[in-house]
């Protein structure tokens, strides 16, 4: 748990945590497709290697095929288990290609989320310290006296959140 407290002091780890949180759906989809592919390719290579009688058959069960499929789809490729039949080798090639494509598909979304959080952090670090805190509307309502002040403006300079003061809404001198 202390490792998670480290993220409070490191802006890089904060960005990474926000990125993973924002990309949770894509990461779960990645895990789902990897597990699905691993189970399918493990079963296929198990049955493909049983077609020919081979005393050196390394795929004695589907769980052993699961190990091979994990190593192949993630492109680790230990080489401790290899298919020996032509059909098994074709399945192995398709498994490796499917693994590369499956892992590569969510990467642009994750990179986009990372770039967004990184640019947001860079912009916040250049702001004066008083303006760095971005408050939600609920947080604004909870602070005493803050609901009466103008907090932000849009690009045209019009107020986004304006409360009523004793004077006109653009007059800051009469707001508490």
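Note that Cβ sites are derived from N, Cα and C of the backbone, with glycine treated the same way.
Nobody curates TrEMBL annotations by hand; they come from automatic prediction.
TrEMBL annotations:
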DOMAIN    1-122  domain 'Ion transport'
TRANSMEM  27-47  transmembrane segment
TRANSMEM  59-78  transmembrane segment
TRANSMEM  90-118  transmembrane segment
- Note on the structure: DSSP assigns the residues of the domain 'Ion transport' (1-122) as 92 helix, 0 strand, 30 coil
- Overall pLDDT for the domain 'Ion transport' (1-122), taken as the rounded mean: 92
